[in-house]
């Protein structure tokens, strides 16, 4: 698909409504991680440099169409002001007389942050009234919130249809990375899919077997695939009722020419705690009283070899119980292998999903990946091949 960028828009003297994602973690009213805030700064700066007046629209948490003071964006405002380092003002509504007066009084070089769009029921219902109330505030719409792109809300797809629209810098980078990794990838293409349950990633696995050359399955869901092949997995987390589904995915992969890689050796323990006594055993030989908590070193080595044969990698989900040592070893080794290949220019690597980002950060590999998506649900739905209303609405 094609979408307009900020470079193609005339913004001089125009009020620019910018949908951003600043749904950041708070502790005692203080922002604890400014990553998402930092990522929107280039878009705001570009608009200001082009003579536009940015008016930021964002949601925070799930107030369900009511004003909930604990979910006010006023709590995020100080961290945003510090990251931006330019004049910015908070407005305690996003539509109606208060918002309209603030926009009318906005000076050149000044940015406005409007209150939580989800304080109004029309936002998530995508009502014509809410879209019109937002649209009357600006001349142009810029969507810089890929993380909200899977929702057809008033401040995402609604505004994109109502005003001249384009992608912001963060959205543009995300779309380019996703296009390079699954839209028009350099092949061979590998995907890592980890996590606890097959049931939560069924659509993802079904979509990927038709698109990738190598599918590496890790985490608890690998146990379900082992069960599907008649392997005993002891006390391991496994969705035994999903074994027929896993078998069907294996068959579909074979038809599509996709090679599925399951663990050849595993790390087992009798209890799930830090530094628990553990053994490395063949994947076919898990003791009846033990549980599989990580892929083994031979598996990690085999994964690194697959990466070395590939040109593109998409990663969603850890290979083991990475939160607790020593069950982070396979994830760490695979992450470092991917990072090294990326640094040497041999691999395009794109990763996304909360656990994935945390695991790659823990491995010290995240900064060397080509692109890390913080989008969560939108990243997963894109990997599943689902339409993203917030992106589709930007299509030229």
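Cβ atoms are placed via backbone N, Cα and C, with glycine included.
Annotation source TrEMBL lists substrate binding site at 21, 22, 23, 36, 59, 60, 61, 62, 118, 151. Marked as (2R)-3-phosphoglycerate binding site by TrEMBL: 36, 118, 151. The ATP binding site annotation in TrEMBL covers 201, 323, 353, 354, 355, 356.
Nearest to residue 59 (substrate binding site) in space, judged by Cα atoms and limited to the binding-site residues 151, 323, 353, 356, is 151.
Non-local neighbourhood of residue 61 (substrate binding site): 23, 68, 71, 116, 118, each in the same chain, at least six residues away, with C-beta under 8 Å from its C-beta. Mapped onto three states, the DSSP output places residue 61 (substrate binding site) in coil. The local packing around residue 201 (ATP binding site), expressed as other Cβ atoms within 10 Å of its Cβ over all shown chains, amounts to 24. The Cβ of residue 21 (substrate binding site) lies under 8 Å from the Cβ of 36, 40, 58, 144, 145, 146, 147, 148, 375, each on the same chain and at least six residues away in sequence. For residue 151 ((2R)-3-phosphoglycerate binding site), the nearest of the binding-site residues by C-alpha distance turns out to be 353; the candidates were 201, 323, 353, 355, 356. In three-state terms derived from DSSP, residue 201 (ATP binding site) belongs to a helical segment. It is 354, among the binding-site residues 353, 354, whose Cβ has the fewest other Cβ atoms within 10 Å in the structure shown. Burial estimate for the binding-site residues (323, 355): highest at 355, by number of other CB atoms within 10 Å. Long-range Cβ proximity for residue 356 (ATP binding site), meaning a same-chain Cβ under 8 A and a gap of 6 or more residues, is found for 194, 315, 316, 317, 318. For the ATP site, whose annotated binding residues are 201, 323, 353, 354, 355, 356, the maximal Cα to Cα separation is 20 Å.
Residue environment of residue 59 (substrate binding site) contains 26 other Cβ atoms, counted within 10 Å of its Cβ in all protein chains.
The record assigns 21, 22, 23, 36, 59, 60, 61, 62, 118, 151 to the substrate site; their largest pairwise CA distance measures 18 Å.
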